[in-house]
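> Take this structure first; my questions come after.
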Amino acid sequence: MTMKKSIIAFPRIGSNRELKFALEKYFRKEITEEELQTVAKEIRLENWKSQKEAGIDSPISNDFSFYDQTLDLSIALGAIPGSYKNLELSELDTLFALARGFQDEQNDVKARPMKKWFNTNYHYLVPEINKDTIIKANFSKLLNEYKEAKSAGFETRPTIIGPYTFLVLADYKSGATKDTVLSDVIVAFQTLLKELNQLGVEWLQIEEPALVLDQTEEEKKLFVSIYEELLKSKNNLNILLQTYFGDVRDSYKEIIKLDFDGIGLDFIEGRDSLALIQKYGFPKKKILFAGLVNGKNIWRNNYQKTLELLTALDEVADIVINTSCSLQHVPVTIKNETKLSKEILKHFSFATEKLNEIDEISDIYFNKNTSFLKKNVELFENERVRENSKLKQKLDKLTEKDFTRQPSLVERRASQSQSLNLPVLPTTTIGSFPQTAEVRKVRLQNKRGELRQADYDTFLEEKIKECLKLQEDIGLDVLVHGEFERNDMVEYFGEKLEGYVFTQKAWVQSYGTRCVKPPIVWTDVTRPEAMTVRWSAYAQSQTSKPVKGMLTGPVTILNWSFPREDISLKASTLQLALAVQEEVLDLEKAGIKIIQIDEAALREKLPLRKSDWYKEYLDWAIPAFRLVHSKVKPETQIHTHMCYSEFEDIIPSIDAMDADVISFEASRSELSIIDALKAHHFKTLVGPGVYDIHSPRIPSVKEIQNQLEKILDKLPIEQVWVNPDCGLKTRGNAETIPSLRHLVEATRVLRKEKVVYDK
């Protein structure tokens with residue numbers, strides 16, 4: 001089959017989040033596994049239909065997952081830690097135990113660690129390799145989904161994460177190394193190739209995004225050794241090596257020498273992809289799958305620029321128009337958006353629309369059909385938005401002084417200690433409290449205009465009072481108002497700022513059942529009025545304990561939005577920083593003594609290659625955070641929070657944010673960050689999360705006590721705060737309340753053991 005139009009993968013949540021809702025019903029035991037599988041099958045069928053109808057030559061199979069594709073591969077290879085095997089659950093329930101943890105009368109196992117998938121807001125479950133790991137091939141999921149598509153009339157290209165990326169991302173325990181399982185992993189993949197040959201499959205797509213990371217010589221040799229051996233088994237099967245999220249500069253010369261039939265390169269984030277081809281050439285007998293349509297943003301493709309790039313690739317004999325990465329990072333379709341005007345929607349392209357863009361670009365380039373080009377050129381010729389001149393003047397006037405808080409961290413600490421009068425090991429939460437069906441219902445009624453604002457405000461006041469009373473009863477030291485007025489930590493602020501537009505159903509998977517609806521930065525961003533002061537001030541008026549003001553930081557707001565492409569990320573972030581700074585100062589004026597500015601997504605846009613970290617990102621992202629709090633009083637304590645990323649290698653930059661307290665996700669990662677904090681002589685006070693809120697299991701007092709003891713073995717008690725690892729919005733009260741009681745009880749035990757007076 002001749003291919004000209006391709007994608008890497010398609011969203012798997014369903015156009016109306018059908019998978020999320022089915023999974024949640026399954027977890028609540030409201031539907032059977034068979035009913036869950038039926039929903040999954042319907043989503044897959046709809047996805048294949050959409051691709052085929054848009055002219056995609058080879059729709060993708062095995063891009064579906066009930067939770068995470070990396071976890072699927074771990075299971076396919078048999079890389080399942082013994083504690084999960086011993087549960088003796090079904091294969092599907094074992095998968096969910098790995099992802100969510102499992103707790104019953106006889107068993108109690110934690111969920112596997114999650115990490116951000118390269119530089120995205122998607123999270124993967126980290127594979128574990130230990131001395132007891134026995135790799136054994138079981139690719140029934142991939143094979144069954146291929147056969148399912150075939151029986152429905154679709155000849156698909158199965159996709160799978162490759163052995164190199166699997167080995168690079170895995171966590172090695174009890175003395176195990178890559179070499180421990182290398183030969184067995186290769187044999188397992190050889191088994192897969194044999195089975196695909198027997199089925200008559202034409203193409204297999206092997207995803208190796210780890211090739212865009214900095215590679216050591218040892219890693220380069222590992223990659224080559226894997227594929228020199230594996231490709232001997234391909235027989236009649238065509239193998240596509242698919243890369244994304246950057247370029248493969250370290251191993252391009254080796255890649256083009258290997259016996260791949262197709263090579264997928266990213267020309268959106270792959271800064272050097274074109275230069276590599278121009279310098280080293282591209283083999284005439286191989287097909288280039290050119291990632292020209294952005295799989296991570298929602299703006300229309302500029303066909304003229306894409307055609308210029310294709311022209312520069314003229315020497316390549318065989319080209320397929322492809323996405324730059326999986327489309328799972330964008331919403332499914334704009335067809336669900338009925339409230340945005342056509343004038344706005346015409347600038348957007350979600351996953352389904354990107355299929356059409358690929359079809360049109362292909363028609364223009366291969367068939368010289370210029371009708372689509374003319375319309376696209378007109379779209380980009382017209383000015384979309386105008387610059388805010390007042391905002392530009394403010395930004396132009398910024399000096400180094402605006403990015404520096406005085407006095408120093410150590411001097412401020414004394415003022416804050418006196419002002420707040422907190423015990424050693426202060427206890428708090430990260431911000432949000434469980435949002436019940438009632439809260440979501442009332443908030444939606446208000447949004448639709450079905451509830452008077454005064455009645456809604458009264459409802460929120462009651463919920464805040466309940467939340468404060470609960471926290472006081474539990475014994476927490478620093479309280480939060482619960483964030484019941486907020487649907488999402490980014491969308492809420494976007495709605496209060498000028499410059500954003502919002503969708504109804506543009507959902508994107510973050511992990512498992514967790515979906516987010518990123519707002520879209522449409523134009524220059526400003527703050528017309530206070531956003532959070534009303535509720536923070538009310539909460540503080542109801543208690544004598546300090547209540548944290550809760551904000552999302554500028555870097556995270558941008559990283560969890562769909563950013564503009566007509567100005568730089570730095571420019572957008574500084575606009576947001578000025579807006580958040582205004583809010584911080586208003587909270588301080590309202591008597592809020594502790595203000596938390598979450599930067600949960602700080603790591604997300606960090607370039608994947610270390611040589612680009614500072615110039616391309618940290619040199620402006622860290623100052624943007626400092627700009628937000630540079631003008632507050634010494635006695636105002638600034639907190640920030642970060643979650644589910646690897647921070648160990650940027651600890652000095654995090655310290656340079658100059659916050660007074662930083663809380664980290666640490667429970668799933670087994671407190672690995674503590675060693676890095678100690679090694680770098682981290683000065684900021686820290687709250688490493690002592691239990692995992694993304695799992696429904698309830699930690700015991702002893703478990704939290706053990707976590708705290710591990711922390712205090714490495715950090716001085718005066719430096720430590722005690723908190724969960726993230727906000728509690730997605731949990732239920734049934735788990736949250738006992739977990740927090742256990743947290744406070746464990747803290748009090750430690751205070752007594754350390755002979756510290758508990759206030």
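Glycine is treated like the rest: Cβ placed from N, Cα and C.
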> Which residue of Glu378, Glu381, Glu483, Glu648 does Swiss-Prot report at the same L-methionine site as Ile430, Gly431, Ser432, Asp598?
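Swiss-Prot lists Ile430, Gly431, Ser432, Asp598 binding L-methionine, and from Glu378, Glu381, Glu483, Glu648 it also lists Glu483.
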> Have a look through Glu665, Glu703, Glu709, Glu745 and flag the one Swiss-Prot assigns to the Zn(2+) site that His641, Cys643, Cys726 belong to.
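Checking Glu665, Glu703, Glu709, Glu745 against Swiss-Prot: the Zn(2+) site match is Glu665.
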> Record says Arg17, Glu18, Leu19, Lys20, Lys116, Arg514, Cys515, Trp560 bind 5-methyltetrahydropteroyltri-L-glutamate. Source is Swiss-Prot. Which of Glu462, Glu466, Glu472, Glu604 does it list for that same site?
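Looking through Glu462, Glu466, Glu472, Glu604, the residue Swiss-Prot assigns to the 5-methyltetrahydropteroyltri-L-glutamate site is Glu604.
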> For Cys643 (Zn(2+) binding site), list the number of other Cβ atoms lying within 10 Å of its Cβ atom.
26
> Other than Ile430, Gly431, Ser432, Glu483, Asp598 themselves, what residues in this chain have Cβ atoms within 8 Å of the centroid of the L-methionine site's Cβ atoms?
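Surrounding the site, in chain order, are Thr429, Val480, Met489, Met550, Gln596, His641, Gly727, Leu728, Lys729.
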> Restricting the comparison to the recorded positions Lys116, His694, Cys726, which residue's C-alpha is spatially nearest the C-alpha of Asp598 (L-homocysteine binding site)?
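For Asp598 (L-homocysteine binding site), the closest Cα among Lys116, His694, Cys726 is found at Cys726.
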> Based on Cα distances to His641 (Zn(2+) binding site), point out the closest of the binding-site residues Lys116, Ile430, Cys515, Glu604.
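Of all the candidates listed, Ile430 is nearest in space.
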> Return only the integer: C-alpha distance in Å from His694 (active site, proton donor) to Cys726 (Zn(2+) binding site).
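On Cα coordinates alone, these residues lie 8 Å apart.
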> If I take the Cα of Lys116 (5-methyltetrahydropteroyltri-L-glutamate binding site) as reference, which of the binding-site residues Ile430, Gly431, Ser432, Glu483, Cys726 has the closest Cα?
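Comparing Cα positions, the candidate nearest Lys116 (5-methyltetrahydropteroyltri-L-glutamate binding site) turns out to be Cys726.
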> Give me the Cα-Cα distance between Ile430 (L-homocysteine binding site) and Cys515 (5-methyltetrahydropteroyltri-L-glutamate binding site), rounded to a whole Å.
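Given the Cα positions, Ile430 (L-homocysteine binding site) is 20 Å from Cys515 (5-methyltetrahydropteroyltri-L-glutamate binding site).
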